[in-house]
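Asks: Below you'll find the structure I mean.
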Ligand SMILES: CCCCCCCCCCCCCCCCCCCCCC(=O)SCCNC(=O)CCNC(=O)[C@H](O)C(C)(C)COP(=O)(O)OP(=O)(O)OC[C@H]1O[C@@H](n2cnc3c(N)ncnc32)[C@H](O)[C@@H]1OP(=O)(O)O
Ligand SMILES: Cc1cc2nc3c(=O)[nH]c(=O)nc-3n(C[C@H](O)[C@H](O)[C@H](O)COP(=O)(O)OP(=O)(O)OC[C@H]3O[C@@H](n4cnc5c(N)ncnc54)[C@H](O)[C@@H]3O)c2cc1C
């Protein structure tokens, strides 16, 4: 995307055998999406106000103030340029700095939209849209995050005054972690146990004002602050994750979000026909966005590692010629290319999940709740799968870049530090896999009852065949048949689920059995989620994809993704009898040959992400590959090099050296 200067990767770019510009459109999702993304990326990159290369040198206070400045400036630009919602979201993406606005737009607004009544939406959303109030999502407490039903904050109805009294009865009931809470939010959607007439009706959301809109001071009864520094320098420390305690804070009755359950003036609790699980709806929405974000973070790391692997040379000089580019080592390819393929795979499964979410939202509006369990299982499972894979991949990319990958200027340490909490927030990844496993066990238990599995579990309707089928691959080329690959993944996923179900049936207490078998259940859930990703990649290839060679590249990547999983999880495929050892070795042979096909196209395949050097934030990942001079110059910019002799020399170094000298003379 960058222009000018010598292009050290030009030769690599000439090697590619497909139309990169068309691939950029496939990656973006549409020509329109590409144009918006490209325009906004350039806008951010060319504006010095969005500079980010100094983040890790700032103290926490400076860093946070700087984030406030950027967010305010971004908001001003959104207004001035009259950006659409799509453009504003892209602006946020390319600014590339976690901020309170993520929680305001990403959770506070969706919580009111999903759980508020029409009337509540009309009252609160205009204020939130104009940012006249700023909100956060205050669910997690010091004592409970995963176990939402275990939250301790109470909201007790007072019929005398028509108010709820929000209270934190214990230390562990303190809200702990919500982003944007610590220093910024004026309001929160706070989750608390609803108590009416002494009866506990479970956890619900309440809109609570936290700070004065005049001077930003906490309101009476509210104790609020930041929870402290987090992993890494810079990174997620731009966010004010907060602590919050309520001391009998009163709010009007109509500030309980009442789409699922209403409390009347008389203190009657009325359940609407909307399922209770809708209280968890905001989490379903955000999990879906996190899957798309995974492909962004992964592609960014892969872009850096791929470009650098083509620039870096080590060993193998023949007759004084150049040494080998490290990207030509088969070991480098077998570590890097599956990650490149995963970035594309997650992109397409993210697109599909977005469609699924839009579909379920439309159904919910029409009071059709039938696909909610499927949406929950898919968002939970794919969030878990893609974030775990991406976090591991960023670290792998750092190692692929050797020593220089450990430098902050490689961009990888900060990316890693910002990204890894995605494995925990919005649901711990293991806890979420167990949700998928529950869904799978339910589906398996209904097989043969006449109820046909649909959606992502539709393959289970062919249980009889999948339980006993034998893989037909006999030659290396057979592993390039989508049906052969898909059937192997389907059979493996089903057989692992059925094995768990059979083992579960041996327990008289199902919950005890579930706990005992939870490690196996999580593995069955992973197998099911990997099948979803593979099948959505295969489906993508059935679309009409224009551009010379584009579809062929995607086919290659699809098989790299699938066959590397098959290789990595050989144990599952073999122990369930889905493939034979001979077939596993044929698949691996095919995978090796696919790596050779990816090799000449690797640079073009990462160029297709269309990332600016500003967004990548990496000396190693520069578009022009001019790595060494930039690394060298950057080192001298470190504040430690401001003076030749370091501060502290006279106090701490010189006396030591002098002492050694004196000792030597004695
Ligand atoms: C600059 C200007 C810019 C301008 C514009 C720019 C725009 C900017 C836009 C920016 C955008 C950025 C995006 C945001 C960024 C993200 C940041 C990250 C923040 C992170 C936030 C968080 O971190 S926030 C807290 C998340 N905290 C959890 O994630 C708790 C996990 N813990 C549970 O989620 C439950 O607690 C757990 C385990 C299910 C047990 O639930 P439980 O106790 O009720 O027990 P059960 O397991 O029995 O479940 C009972 C039945 O409910 C069913 N079910 C369960 N969940 C369900 C569900 N969600 N939907 C449907 N159904 C569900 C289940 O399937 C059962 O169904 P059945 O009965 O039919 O079997
Ligand atoms: C950066 C960041 C931002 C956040 N932002 C917000 C926010 O804006 N709003 C908000 O409300 N919250 C927020 N959170 C909180 C987050 O959602 C929780 O931390 C998360 O849901 C995990 O819950 P926990 O901390 O209770 O983990 P725990 O559940 O205590 O997990 C600890 C360990 O126990 C295991 N475990 C727990 N339960 C089970 C089980 N049933 N079976 C097997 N293993 C289990 C887990 O796998 C994990 O290994 C944020 C967290 C982070 C790190």
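Glycine residues also receive a Cβ, built from the backbone N, Cα and C atoms like all the rest.
What TrEMBL records for 19-134 is domain 'Acyl-coenzyme A oxidase N-terminal'. Annotated FAD binding site per TrEMBL: 140, 179, in sequence order. Taken from TrEMBL, the feature domain 'Acyl-CoA oxidase C-alpha1' applies to 280-441. Annotation comment: TrEMBL describes 426 as active site, proton acceptor. TrEMBL lists 482-658 with the feature domain 'Acyl-CoA oxidase C-terminal'.
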Asks: Distance between the residue listed as 'active site, proton acceptor' and residue 140 (FAD binding site) at the Cα atoms, whole Å?
Replies: 10
Asks: In terms of DSSP three-state secondary structure, what is the assignment for residue 140 (FAD binding site)?
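Replies: Looking at the DSSP assignment, residue 140 (FAD binding site) belongs to neither helix nor strand, so coil.
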Asks: With DSSP as the reference, give the number of residues of the domain 'Acyl-coenzyme A oxidase N-terminal' (19-134) in helix, strand and coil.
Replies: 90 helix, 0 strand, 26 coil
Asks: Among the recorded positions 140, 179, 426, which residue has its Cβ surrounded by the fewest other Cβ atoms within 10 Å?
Replies: 140
Asks: Grab the pLDDT values for the domain 'Acyl-coenzyme A oxidase N-terminal' (19-134) and give me their mean, rounded.
Replies: 97
